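Asks: Annotation comment: Swiss-Prot describes 36-109 as region 'Mediates transcriptional activation', evidence class similarity to another entry. The annotation region 'Disordered' is assigned in Swiss-Prot to 201-220. Taken from Swiss-Prot, the feature region 'Mediates transcriptional repression' applies to 241-376, supported by similarity to another entry. Sequence annotations record features per position, and here Swiss-Prot assigns zinc finger to 258-282, 287-309, 315-339, 345-369.
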């Protein structure tokens, strides 16, 4: 043992391995007793995710560090009890529900643009995380995504590229992008349509060609004595359906080899260009009125319809002494018949020659024939 007058030599052992017998330990006169509890750990509560830096309050922190006191150990082949504090790095799994609550309060709740393949004719659409996160909250074991936002984003993007909605099962869905036009602006909206519900184009064409044209009976042609095949004119319900049929436009003399494949149409066209120009009227009706929800194929038709809600009446009768105004042009044309006396709609029943300026008045009149017949 060295004397008290000898100088004390300090050896630095940091980052070096020195045999225990090389280091000479100095005994201590007094040892302070410290009560220790084994396996006691104090941790700092933070929010974050496993395997990444901790995020709390908008700042990033290093991985969680716990200070853990251990019982005395014999490091130098001696029996001296000493208090020793070591720094131990460990991982703590924070429940993903807390992470969800944090994300819902941040900009992750806003909408995210999903990339879409242009070859699939899909426009960029939007999806929000809030709906998925609310469904997963509190269902860690049952959640199909396991609280992993990256995995959920991958599923959504893959579904958008393939035209399949990941939240609608195994069915094949086709995405359609529509535009809701309101009085204050336009609002994009994405819709999904089940491909299994699409009709066979051949069957649609055959059904369209078999539909007869009854519009001629509304403009002067009389019902035949034997009646109309397939329609009981004495049945008020069938007669009402007859009056609701839309008239067909007259066809020209040139050949029309190309048929429209939409169900219930069956129109023929001279070439593919004319058919494609016509095909857009079958939808989808992407221009939707924000006031009443009525949809239109063309934006011009929607703007004309919105005049009903705004109260604007740009169409005015030009007859002297009248000056009435209308929101729609065809209402003005119908009104003008009052001044001209034109009544193009004639009752089709035999021995009845009543004429009307509006088709709605004729349809109401036709139903009176059945009512009078049932009263007799």
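The backbone N, Cα and C atoms fix where each Cβ goes, glycine too.
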Asks: Using DSSP, how many residues in the zinc finger (287-309) fall into helix, strand and coil?
Replies: 11 helix, 5 strand, 7 coil
Asks: What are the DSSP helix, strand and coil residue counts for the zinc finger (315-339)?
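Replies: Its residues fall into 11 helix, 4 strand, 10 coil.
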